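These come from Swiss-Prot:
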BINDING   110, 175, 190, 191, 208  alpha-D-glucose 1-phosphate binding site
């Protein structure tokens, strides 16, 4: 964050809540994009990292006690947290604390989402919260967690599960639940092959967001019991299903506060979803509003000059249409259409970039043609490179997604990346 955010929505309830963000996953469906970074550290939206959305939701909700559990290739994530999220007031009991995997129990790394929290129980005890809010650090959405906390207390729940409606054909990727008239969860299946639909809505299913609120003592008891069992030590696979018949598990539907309809939430866990969700932002009125001053997305703000567009000749003109171009970029006699450029990208004379997501510090030399692609950080494309026009050639040289998006990384280009930050 460029400066410490002003207090908002802070109450006794939010003050007595500890957040644990699960940020240790690789996100293997993002292919080579997560070879050198954890999924929550993947750049998104022109200037952010994916985890910034979850962290910003916490800050904007008035929750200022946050632990981030890391494991897989965490250096770039830890560096980002240190640079961008170190301005909270420790003397006021506010913090973003990094909790790396340390083999605290029996010398093992995190065996699942529940085990990750179990291995940090001593830290949770030290902070002594009334409630523990468990979040995933790899989704893109805006959510005020305050109403969910209030609902958890009002209903006397042992655990509250955030949920949303999804198309039934996509529900197999989620934990799917059924609820009664009071939103009490009566059935929960993790990634079922044949997901049940919502009664009266045969094309929709109620899916878990991977957001859980536990009463502290109840959480401790469940995690200690699970650690003694042979299981996957996972909230969705083990903890939540085991509680349906013996505890009060309440669903909290995530809805748009203004309309009451379906709220914006994206899992950017595949190359196609990552590309599509980024390019949604270049629309005239995207559903995810990054310009909303009432719910800002905080991040580390590198000090960079404004983007620059140069040359206005008949044969070369630096211009961008239906695009977002971040600070530090130089568009030198090149044409951009419906693309999103992160910071410090250079596009040289005669190059044409369409339907592309270009990550920071990429350099596109003269005469390149790029279409429907994701270009990773630090890539340097040689003059005349063509991407996105010949699927067979793209598949041979790069990674071609099922949806036809071409992923290009420095390693695919034979470029050294071991000595740069990711």
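Cβ coordinates are placed from backbone N, Cα and C, and glycine is handled just like the others.
With a 10 A radius on its CB, residue 110 (alpha-D-glucose 1-phosphate binding site) counts 24 other CB atoms from all the protein chains. In the three-state DSSP assignment, the secondary structure recorded for residue 208 (alpha-D-glucose 1-phosphate binding site) is strand. Neighbour list (residue 175 (alpha-D-glucose 1-phosphate binding site), Cβ cut-off 8 Å, at least 6 residues apart, same chain): 188, 189, 190, 191, 207, 208, 210, 236, 240. For the alpha-D-glucose 1-phosphate site, whose binding residues are given in the record as 110, 175, 190, 191, 208, the maximum C-alpha distance rounds to 21 Å. Within 10 Å of the C-beta of residue 190 (alpha-D-glucose 1-phosphate binding site) there are 17 other C-beta atoms, taking all protein chains into account.
Most Cβ neighbours within 10 Å among the binding-site residues 191, 208: this distinction goes to 208.
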